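Before any comments, here is the structure.
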């Protein structure tokens with residue numbers, strides 16, 4: 001995100017007592033530039049400083065005493081890949097925000113429930129999870145290619161380095177996707193999702209023993225109900241199947257590595273949200289297709305297709321199309337939601353989504369459930385919720401502390417985030433008054449040429 005401070009030909013006076021350029025290095029040549037005084041005077045010899053950094057408190061502070069006069073300096077923000085400034089939106093009412101979040105969650109949950117229902121119907125009639133997984137990725141890739149071609153969505157700007165970095169993410173995503181589909185072909189949808197709620201345990205173990213990351217004791221304690229609940233649900237499952245159980249476990253591990261590779265490799269990349277998932281689907285499709293042909297093959301698919309059509313009829317084709325379309329849509333909405341809501345809110349929605357899938361699948365498919373099995377599922381889901389809450393709060397606190405420490409020291413952070421992520425960071429911060437309204441601490445961009453009537457381009461310092 002870029003802030004643009006525009007100065008008119010009438011230049012503010014110079015005064016050493018109210019400088020906004022501060023000395024960071026004794027060898028740096030600096031001059032002082034202040035905001036306009038109450039009685040702004042014209043100057044024929046304007047001077048701009050080339051030193052750094054520059055501190056901007058709030059947009060509202062750039063104003064003259066008389067309301068009818070306009071400020072000599074205006075401050076607007078625009079993203080790095082846009083030339084037009086982004087007008088700051090008005091503060092929305094609390095009710096409007098709740099409605100917006102509710103719409104995101106309702107859409108996300110509905111799409112996920114519908115996908116799982118049609119996916120299970122297809123797998124019951126056509127037990128070929130490798131082809132089913134391939135069709136899901138192919139449908140999503142085709143939908144995004146059409147969107148880009150018709151300009152419904154802007155195509156991302158990528159290069160070879162982007163696809164190279166995305167490759168390990170796509171490998172992990174492919175393994176996780178296929179493993180989860182294999183699991184659902186062998187066991188009930190509810191059981192697969194109960195086991196998949198144990199993903200946080202894999203995340204902590206991999207991060208701790210392979211990456212050397214440490215977590216507070218509260219996070220480790222939250223794993224106890226997750227592991228215990230999953231174990232209780234597995235032991236008491238009436239239709240237990242080892243292939244289905246191992247498929248869900250492998251899916252958990254694969255998605256943990258997908259998140260790790262994505263976080264480390266894709267940091268600072270310009271592609272995000274909907275387009276990021278589209279690129280991920282396309283690369284995963286290229287990886288999965290040859291393996292699907294080798295494992296199952298066209299002969300098995302043809303025989304299974306004829307059997308399914310004879311038993312189900314034309315509705316089977318609709319089931320295939322529906323599960324493929326809804327798979328892409330629910331993942332797309334999930335990635336888009338991350339750009340609009342905070343991770344803490346997202347974790348709550350993810351937990352409720354899993355509960356809705358488990359309950360709806362039990363009702364629709366009449367899955368027999370014992371009380372002890374239901375208790376294990378409830379404990380596992382509750383543990384997942386506690387884990388996500390504790391981890392998100394811990395991450396947010398550390399991020400805020402890091403930002404404030406570097407801002408206080410006059411330093412700059414390494415990463416420049418997109419506008420939605422800046423909003424999420426500010427919204428989560430434990431010290432919002434000091435962070436201000438999206439523009440607390442900014443650094444002067446040395447690569448930008450300056451002129452007396454030109455623009456000063458400055459970069460907002462944010463925390464990743």
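The backbone N, Cα and C atoms fix where each Cβ goes, glycine too.
Feature annotation (TrEMBL): of 70-89, 130-149, 150-169, the stretch labelled transmembrane segment is 130-149. Per TrEMBL, the listed range annotated as transmembrane segment is 101-118 (candidates: 29-46, 47-64, 101-118).
As stated in TrEMBL, the feature transmembrane segment covers range 242-261 out of the listed 242-261, 302-321, 322-341.
Here the listed stretches are 101-118, 242-261, 273-292, and the one with the most C-beta pairs under 8 angstroms to the transmembrane segment (130-149) is 273-292. Residues 130-131, 133-134, 137-138, 140-141, 144, 153-156, 158, 162-163, 166-167, 169-171, 173-174, 177-178, 266, 328, 331-332, 335-336, 338-339 of the same chain sit 6 or more residues outside the transmembrane segment (273-292) yet have a Cβ under 8 Å from a Cβ within it. Listed by sequence, the residues of this chain that lie at least six past the ends of the transmembrane segment (101-118) yet keep a Cβ under 8 A from its Cβ atoms are 184, 189, 193, 319, 322-323, 326-327, 329-330, 333-334, 337, 340-341, 345, 349, 352-353, 356-357, 360-361, 364.
As a whole-number mean, the pLDDT of the domain 'Sugar phosphate transporter' (100-388) in this prediction is 90.
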